[in-house]
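Below is one structure, written out as structure tokens, with a few remarks after it.
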Amino acid sequence: MVVSCNFFTLLLVLAFSVSLCFGNKNSGGYLFPQFYDHSCPRAQEIVRSVVAKAVAREARMAASLVRLHFHDCFVQGCDASLLLDSSGSIVSEKGSNPNKNSARGFEVIDEIKAALEKECPRTVSCADVLALAARDSTVLAGGPNWEVPLGRRDSLGASLSGSNNNIPAPNNTLQTIVTKFKLQGLDIVDLVALSGSHTIGLSRCTSFRQRLYNQTGNGLADSSLDEAYARQLRTRCPRSGGDNNLFPLDLVSPVKFDNYYFKNIVASKGLLNSDQVLFTQSVGTMILVKQYAESNELFFDNFAKAMVKMGNISPHTGVNGEVRKNCRKVN
Ligand code: HEM
Ligand SMILES: *[C@@H]1O[C@H](CO)[C@@H](O)[C@H](O)[C@H]1NC(C)=O
Ligand SMILES: *[C@@H]1O[C@H](CO)[C@@H](O)[C@H](O)[C@H]1NC(C)=O
């Protein structure tokens, strides 16, 4: 214990020196929570206050901001590539299948970034803003807290194809979803815990309609979906039309970050096919769903760890990338 403590302290001291010597370019190539302690001491406080204001205006914003970090990290790493608008050679990821008419919260990120630019210009990256906003949103919704490793730099480009291919679709098989997580270095413990962020937020009818009417092409509803719940969903998610009608991902406590998402799945009331298959398509993930349904503490613990792991996906550091002035465009 004493040894690992000292080793950790040493690492921190090294990390600090690196950030001081290299003018906050993070040439050390790794992330640590104290990254802005000297260059922008109020950075975390500023992010938290803007997020708190936005979530007070609209509770759903907490969910939308958590999702932005996920959709950023799964495409060329956590580098704010998601935030770039189309211009010149850049084709925005905002137009991809998972994001189109769906990803939201970009104005809140702009508001945070504007406040940070005022306090300490060209210092805090947009990728770090996404990571902090995801953590703050989780806490505000009643979920776990964790220290966010920082020092990511922003990309100089975006990848529409990466966004289409790397982010799982709601009708992917469990095997496909597991593979897409594995490609990012995330295992099934991470997958099931992170899916637990569907304890908050909303889904459009179009994301789960297939389950209500014609799951396997035989004209029948998904048999793993509770029949009464399916009937209820069909009233506002018709065979055609109503694509953008909204439904809570967690029907019991839609704005509270808790483990009802897992209890719902155990009761055959997962909204998305990708939620329910965690329980029906493999024993390994089924056991995890049951454990998280039984222990909020275990869920919170594993969620926080998995969020840090997801936030560490291929960060741009050192001379790679930049700190954008405006999250929507390269400098
Ligand atoms: C495991 C594979 C996943 C799939 C297939 C998936 C799919 C989806 C879909 C289809 C929606 C609804 C979008 C819409 O209809 O507009 C959604 C919403 C959401 N997802 Fe996921 N998701 C996955 C994992 C994750 C992860 C890892 C996170 C975060 C760590 C996350 C966070 C959210 C949140 C918070 C919402 C609600 C957003 C809002 O209300 O604005 N999802 N997801
Ligand atoms: C999944 O949904 C997409 C978009 O709605 C659709 O094009 C595709 O055929 C579906 N895939 C399966 C296997 O049902
Ligand atoms: C269900 O889907 C299959 C294959 O996509 C299609 O051939 C069939 O007509 C659909 N049935 C109904 C009732 O919509």
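For all residues, glycine too, the Cβ spot is worked out from N, Cα and C.
Quantities reported herein were computed from a predicted structural model and do not represent experimental measurements.
According to TrEMBL, THR199, ASP250 bind Ca(2+) 2; the candidate from ASP243, ASP258 that the record adds to this site is ASP258. Note: TrEMBL links CYS78 through a disulfide bond to CYS73 (candidates: CYS40, CYS73). Report note: the Ca(2+) 1 site is defined by ASP72, VAL75, GLY77, ASP79, SER81, GLU93, and the residues of the same chain whose CB lies within 8 Å of the CB centroid of those residues, excluding them, are HIS71, CYS73, PHE74, GLN76, CYS78, ALA80, LEU82, ALA127, SER155, ALA158, SER159, GLY162, SER163.
Mapped onto three states, the DSSP output places HIS71 (active site, proton acceptor) in helix. For ASP250 (Ca(2+) 2 binding site), the spatially nearest entry among the recorded positions HIS71, ASP79, PRO168, HIS198, CYS237 is HIS198, judged by CA separation. In sequence order, the recorded positions near GLU93 (Ca(2+) 1 binding site) (Cα within 10 Å of its Cα) are HIS71, drawn from HIS71, CYS73, PRO168, CYS327. In this structure, of the recorded positions VAL75, CYS205, the smallest number of CB atoms within 10 A of the CB marks CYS205.
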